[in-house]
Amino acid sequence: MNLHEYQAKSLFAEYGLPVSEGFACDTAQEAVEAAGHIGGDMWVVKCQVHAGGRGKAGGVKVTGDKEEIRAFAENWLGKNLVTYQTDEKGQPVAKILVESCTDIANELYLGAVVDRATQRVVFMASTEGGVEIETVAEETPELIHKAIIDPLTGPQPYQARDLGFKLGLTPTQMKQFTKVFMGLAKMFEDHDFALLEINPLVITDEGNIHCLDGKIGIDGNALFRQPKIREMHDPSQDDAREAHAAKFELNYVALDGNVGCMVNGAGLAMGTMDIVNLHGGKPANFLDVGGGATKERVAEAFKIILSDSNVKAVLVNIFGGIVRCDMIAEGIIGAVKEVGVEVPVVVRLEGTNADLGREVLANSDLDIIAATSLTDAAEQVVKAAESK
């Protein structure tokens with residue numbers, strides 16, 4: 001689960017971190033009034049969506065004219081903002097953040113992630129602020145400095161100072177940076193973050209550290225113990241298909257290929273996507289129907305997969321353990337009839353009564369191809385997708 005910038009900054013403020021005075025506004029009139037309340041003669045107005053790249057897409061404006069603020073809000077509220085991180089539909093803009101303008105002397109980067117390699121929270125800092133960190137990691141990885149947080153001792157001030165020295169901070173800035181570092185580390189643990197980015201973390205003209213942006217991702221598995229964070233969820237930013245799938249306890253992630261995938265088990269689902277890629281195909285989704293591949297769940301899975309107009313063929317890869325493959329085959333046939341599937345469906349069944357399940361599929365009068373192996377299934381579904 002992701003947070004909006006204004007939500008991230010409200011958390012920053014709670015932990016005593018330096019952020020700009022700002023207000024999240026629902027209407028153009030509120031945006032104008034917010035500028036008046038903030039005061040000054042320059043403001044920054046930003047569309048609030050979860051995707052990055054807002055500035056390049058016209059979703060951020062610096063202005064000294066309140067009527068320009070009104071026009072900006074009227075133009076964007078209720079519309080979708082398309083950036084390089086969204087699909088072609090973009091994400092809806094329901095709020096505009098109005099902030100005081102900050103004079104910037106230098107831009108830095110500060111972020112933290114849960115690192116699988118070290119099994120620790122790892123903080124990353126760089127002098128290359130305002131640039132996508134992925135670009136920095138690829139082109140100049142030596143400019144990214146790291147601090148690994150030991151879960152037994154927690155974050156230590158010396159780690160902040162070490163990063164600060166590498167960023168070239170002055171003694172005064174070092175103290176401010178240490179406060180930011182320690183606050184973010186505590187926040188990361190308190191609220192079960194999975195990702196945290198301040199890009200850019202700026203040094204103002206007065207020489208002070210300031211959090212100019214904020215991006216936060218929460219570990220979805222920990223939301224049960226984060227009631228305050230749950231209330232911040234904005235369902236309008238979620239992929240509609242992913243949200244629909246969650247209602248039926250289906251794990252679905254939309255991708256940009258043309259081969260729909262329906263599998264029981266996350267590991268098998270990832271392996272299925274890999275073998276589709278290996279044979280020249282492009283998966284259109286990740287979809288794990290879970291352990292109970294019932295007719296109802298399979299039918300909903302088909303509906304979700306086929307709501308993507310790019311899907312030209314569907315690969316169903318089911319391992320029958322507790323559930324018999326012949327029962328799964330009957331469920332697939334029933335679901336295909338109910339949904340009215342019009343693209344080729346390749347089914348690979350393995351496990352209990354697999355031969356009987358393949359026989360049931362072969363005897364159906366539907367456009368269902370029973371594969372003999374996972375390799376055969378991948379080859380057939382890629383061929384079917386290419387012929388469409």
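Glycine is no exception: its Cβ is also placed from the backbone N, Cα and C atoms.
As the structure is a computational prediction, the values presented were derived from the model and not from experiment.
The annotation in Swiss-Prot ties Gly321, Ile322, Val323 to substrate, and of the candidates under consideration, Asn251, Asn258, Asn264, the one tied to the same site is Asn264.
Record check, Swiss-Prot: ATP site residues include Gly53, Arg54, Gly55, Glu99, Thr102, Glu107, and the candidate from Lys46, Lys89 also listed there is Lys46.
Rounded to a whole value, the Cα-Cα separation of Asp213 (Mg(2+) binding site) and Thr102 (ATP binding site) is 11 Å. The binding-site residues examined here are Asn199, Asn264; by Cβ neighbour count within 10 Å, the least packed of them is Asn199. A separation of roughly 46 Å, to the nearest angstrom, links the Cα atoms of Val323 (substrate binding site) and Gly53 (ATP binding site). DSSP classifies Asp213 (Mg(2+) binding site) as coil under the three-state reduction. When the neighbouring Cβ atoms lying within 10 Å are counted for each of the binding-site residues (Ile322, Val323), the highest count belongs to Val323. Taking the C-alpha positions, the distance from Thr102 (ATP binding site) to Asn199 (Mg(2+) binding site) comes to 14 Å.
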